[in-house]
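Visitor: Below: one structure in structure tokens.
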Number of protein chains: 2
Amino acid sequence: MAKFPVLEIFGPTIQGEGMVVGRKTMFVRTAGCDYSCAWCDSAFTWDGSAKEEIEKLEADEIIARLQEEGGDHFDHVTISGGNPALLARLDELIDPLHELGIEVALETQGSRWQDWFTEIDDLTISPKPPSSKMNTNWETLDLILEKLDDAGRSKNVSLKVVIFDKEDLAYAEYVHKRYPNLSFFLQVGNDDLEEDSPSGLASTLLSKYEWLIDQVMASSALNRVRVLPQVHTLVWGNKRGV
Amino acid sequence: MAKFPVLEIFGPTIQGEGMVVGRKTMFVRTAGCDYSCAWCDSAFTWDGSAKEEIEKLEADEIIARLQEEGGDHFDHVTISGGNPALLARLDELIDPLHELGIEVALETQGSRWQDWFTEIDDLTISPKPPSSKMNTNWETLDLILEKLDDAGRSKNVSLKVVIFDKEDLAYAEYVHKRYPNLSFFLQVGNDDLEEDSPSGLASTLLSKYEWLIDQVMASSALNRVRVLPQVHTLVWGNKRGV
Ligand code: SF4
Ligand code: SF4
């Protein structure tokens with residue numbers, strides 16, 4: 001049995017973003033990322049600052065912990081990171097969750113393929129725009145989305161791009177043009193990671209959301225799209241573990 | 001050609017609620033409702049206050065108006081009310097929209113069936129909880145959902161219940177128990193329809209949203225659910241036509 005580096009297990013709470021926004025879910029946050037986005041809102045998963053908190057857990061230990069925290073109050077688990085696609089044997093966690101009747105969502109930036117991608121119920125691929133200072137490997141992304149399509153999983157997949165500025169928006173238009181048939185989500189970027197007051201942050205983010213809506217409404221290259229804020233951030237601000 | 005009573009045609013903007021929250025869409029708001037919910041946020045569609053604004057339009061006139069307003073910046077139209085399910089010949093609008101490659105969403109409380117329900121891409125059935133002072137006709141609702149299921153449309157349908165208080169929540173639990181296989185959305189109620197300041201309203205609604213999340217997270221009868229605010233109300237408050 002593989003041991004997975006786990007930083008947080010919490011919930012139930014709502015999924016605050018993307019294709020199943022609002023879904024009641026538990027979270028498992030894994031440590032480690034092959035990127036280092038300029039505005040990463042979970043840098044503690046890879047920058048060493050939470051190194052002491054990482055636990056090495058086998059799948060059955062993670063499931064026991066989920067059940068301890070969530071009791072019978074959940075039937076959905078979101079695996080987030082960091083980049084959980086670094087973990088080759090994650091099917092050891094996904095399969096028993098499915099056997100328990102629990103759906104599994106996962107988010108990754110699309111920098112590498114894993115065979116268990118085809119088993120994820122709600123798979124969000126979130127390529128990173130220019131403001132992140134990362135470079136997208138389009139060949140890898142093509143390959144990932146092709147394999148998912150070949151496996152008949154397109155309905156379980158969505159693309160999501162976080163938008164901070166006009167350059168990011170041009171990147172999003174390009175992504176949508178390259179993969180026009182996939183569900184496409186645009187999300188308001190939060191670069192106010194030091195703001196402690198949830199209500200102050202909410203009003204900043206709602207202004208940015210309005211800006212993003214205006215931009216997208218005016219673009220004929222972005223029609224079949226959904227534009228969302230991070231609803232958990234509107235409620236709880238930058239607090240961890242909610 | 002049937003003439004439909006239309007109150008507003010506007011967009012593109014985002015869908016603020018439910019199964020395709022965030023979706024870029026145009027809105028067509030029809031007049032008339034067989035209910036009179038205590039907290040109706042579009043009472044002007046049925047209480048006579050906007051009688052002078054109702055236009056009687058044929059489908060091709062509605063489509064021309066949509067194209068005038070939205071240009072090539074949309075591929076999705078949401079028909080709302082009032083209760084658009086009062087309009088027997090709405091297929092005269094839905095079919096040509098589909099021919100133009102435009103998806104159609106519609107919301108109704110589930111008080112009556114129309115054959116064109118099976119053609120709606122995103123159909124939200126929103127039975128009204130006790131706080132509305134309306135009574136649900138369960139036989140009608142059963143029939144509607146059965147017919148949609150028989151037509152293989154369950155993936156295009158969701159149930160949505162607006163929640164104001166604990167009694168509404170008990171009602172929602174009952175709805176979810178009665179129709180466990182349908183996508184189920186819980187939405188924060190807005191009874192602050194006189195509040196003019198969007199930011200004041202946003203902070204009230206986010207507190208209510210947090211309350212609703214807490215309630216749902218604690219209920220093992222509400223697991224396979226999604227809990228959402230009205231995101232357009234967070235941005236624009238009670239303003240019409242956005
Ligand atoms: S890919 Fe995600 S976890 Fe990794 S650095 Fe970027 S935002 Fe952070
Ligand atoms: S069913 Fe909808 S439009 Fe009709 S009164 Fe109730 S809330 Fe208003």
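Using the three backbone atoms N, Cα and C, a Cβ is placed for every residue, glycine included.
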Visitor: Just to be sure I read the record right: A:I14, A:Q15, A:G16, A:S80 are listed as binding substrate in TrEMBL. Which of A:R29, A:R65 is listed for the same site?
Guide: A:R29
Visitor: A:W39, A:C40, A:D41, A:S126, A:P127, A:K128 bind S-adenosyl-L-methionine according to TrEMBL; which of A:G71, A:G82, A:G200 goes with them?
Guide: A:G82
Visitor: In terms of Cβ proximity below 8 Å, which binding-site residues out of A:I14, A:R29, A:C37, A:C40, A:K128 neighbour chain B?
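Guide: Near chain B: A:I14.
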Visitor: Under 8 Å Cβ to Cβ from A:K128 (S-adenosyl-L-methionine binding site), same chain, six or more residues apart: give me those in sequence order, or none if nothing qualifies.
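Guide: Same-chain residues close to A:K128 (S-adenosyl-L-methionine binding site) (Cβ under 8 Å, separated by 6 or more) are A:Y35, A:C37, A:Q109, A:M134, A:T136, A:V162.
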Visitor: Far apart in sequence but close in space: which same-chain residues, 6 or more away, have a Cβ under 8 Å from A:S80 (substrate binding site)?
Guide: A:F27, A:V28, A:R29, A:T30, A:S42, A:L106, A:E107
Visitor: List the Cα distance (Å, whole number) between A:D41 (S-adenosyl-L-methionine binding site) and A:C33 ([4Fe-4S] cluster binding site).
Guide: 12
Visitor: Which of A:G16, A:G82, A:P127 has the fewest nearby Cβ atoms, counting only those within 10 Å, among these binding-site residues?
Guide: A:G16
Visitor: Report the binding-site residues (A:Q15, A:G16, A:R29, A:W39, A:C40, A:P127) that meet this criterion: Cβ distance to the nearest atom of ligand 1 under 6 Å. Use sequence order and write none if nothing qualifies.
Guide: A:C40
